[in-house]
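According to Swiss-Prot, the features are:
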TRANSMEM  11-31  transmembrane segment
TRANSMEM  43-63  transmembrane segment
TRANSMEM  81-101  transmembrane segment
TRANSMEM  141-161  transmembrane segment
TRANSMEM  192-212  transmembrane segment
TRANSMEM  216-236  transmembrane segment
TRANSMEM  298-318  transmembrane segment
TRANSMEM  330-350  transmembrane segment
TRANSMEM  357-377  transmembrane segment
Amino acid sequence: MKQESSLLAKLANGSLVLQILLGIAAGVILASFSQDAAKQVAFLGSLFVGALKAIAPILVFILVASSIANQKKNTQTNMRPIVVLYLFGTFAAALTAVVLSSIFPTNLVLVAGIEGTSPPQGIGEVINTLLFKLVDNPVNALMTGNYIGILAWGVGLGLALHHANDSTKQVFADMSHGISQMVRFIIRLAPIGIFGLVAATFAETGFAAIAGYAQLLAVLLSAMAIIALIVNPLIVYVKIKRNPYPLVLRCLRESGVTAFFTRSSAANIPVNMALCEKLNLNKDTYSVSIPLGATINMGGAAITITVLTLAAVHTLGIQVDLPTALLLSVVAAVSACGASGVAGGSLLLIPLACSLFGISNDIAMQVVAVGFIIGVIQDAAETALNSSTDVIFTAAACEAAENKAKLG
């Protein structure tokens with residue numbers, strides 16, 4: 001009995017990253033030997049993602065309300081520089097995708113469009129959807145995982161409770177601590193969940209279906225790698241004036257890996273919150289910036305929209321001049337920030353970008369169909385970039401503020 005408990009203690013206190021890597025390897029091996037067995041363990045991945053998605057809305061709501069209600073007067077939250085970093089990073093991602101797509105133009109083999117999908121008719125519709133999400137019923141926002149609405153109501157409740165009795169504030173602080181403990185337990189189950197996700201993905205696709213889109217994937221993944229390993233570190237260096245790679249690589253390892261396999265920014269919010277706590281960041285800052293980042297920090301989505309749109313443009317033989325390319329970068333960045341306000345995310349915003357070049361909706365929807373074919377890898381890489389960048393920029397802004405205060 002004692003031996004069993006010591007084994008469980010070792011598993012509970014062991015390196016989570018190492019356990020996740022073992023889970024990935026085990027999933028690949030199982031799918032290679034038996035696809036049927038791999039499909040049988042798919043429920044482990046679904047359970048893990050379901051648990052994260054279930055806890056994330058209430059975690060965000062309570063953390064935001066608690067941190068604002070318990071905020072001391074004259075406390076710096078550093079939100080403005082973080083939002084600026086989010087928006088600049090998204091635009092830089094779109095610009096990188098434009099440059100890479102120009103150097104390596106890609107031809108698409110267009111397939112049938114996706115039936116039953118209705119892309120937004122313009123940027124106005126995307127903004128309209130976001131505004132209505134802002135004033136969603138708070139209970140409905142929690143039930144549907146509408147993080148824009150959850151943030152709005154959490155901030156509102158926090159401000160309302162700012163002048164409440166200390167005992168009331170303490171209740172929210174205790175609830176916040178309790179939910180954080182539950183999140184830690186769920187995150188410890190990541191190796192089992194990722195084992196199920198990897199096994200199911202390899203068993204169902206085998207990645208054979210996406211082999212024909214190798215160049216398109218290469219351009220997409222290269223753009224994301226450039227942002228993750230060159231542009232983001234450069235932005236962080238400008239902010240903190242020291243080697244950015246220890247921070248960047250840690251965030252990619254501890255946030256990006258999980259996000260890659262869950263393929264959900266919402267499901268990765270608890271993981272990012274736990275990482276921010278490990279990095280000793282200001283709780284008042286990250287409790288707001290992380291869920292906000294899951295909504296508006298969409299560098300990966302900007303890359304997807306830009307690369308697929310320019311692939312369609314090149315396939316149709318349309319010439320792109322520099323001003324149009326810059327305009328596409330702006331439209332892709334703004335659209336990407338609204339990706340959370342569109343069912344289907346970044347892929348269904350492609351017709352919006354295609355309309356800049358006079359590409360018909362029928363052809364644009366065929367481009368979306370290509371996006372769905374490569375979606376297994378594209379969506380995973382996009383989420384990993386988006387989610388890890390949330391922590392990177394939050395940490396950079398917090399450290400820059402601390403350095404400024406020391407020089408003070």
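For all residues, glycine too, the Cβ spot is worked out from N, Cα and C.
Each of 141-161, 216-236, 298-318, 357-377 was scored by its Cβ pairs under 8 Å to the transmembrane segment (81-101), and the highest score goes to 298-318. Counting only same-chain residues 6+ beyond the ends of the transmembrane segment (216-236), those with a CB under 8 A from a CB of the stretch are 85, 88-89, 92-93, 96-97, 100-101, 104, 106, 108, 210, 244-245, 247-248, 252, 256, 299-300, 303-304, 307-308, 311, 370, 374, 377-378, 381-382, 385, 388-389, 392-393, 396. Beyond its flanks by at least six residues, the transmembrane segment (298-318) meets 89-94, 96-98, 100-102, 105-108, 110, 216, 219-220, 223-224, 227, 328-329, 332-333, 335-337, 339-340, 345-347, 349-350, 353-354, 356-359, 363-364, 367, 370-371, 378, 381-386, 389 of its own chain at Cβ-Cβ distances under 8 Å.
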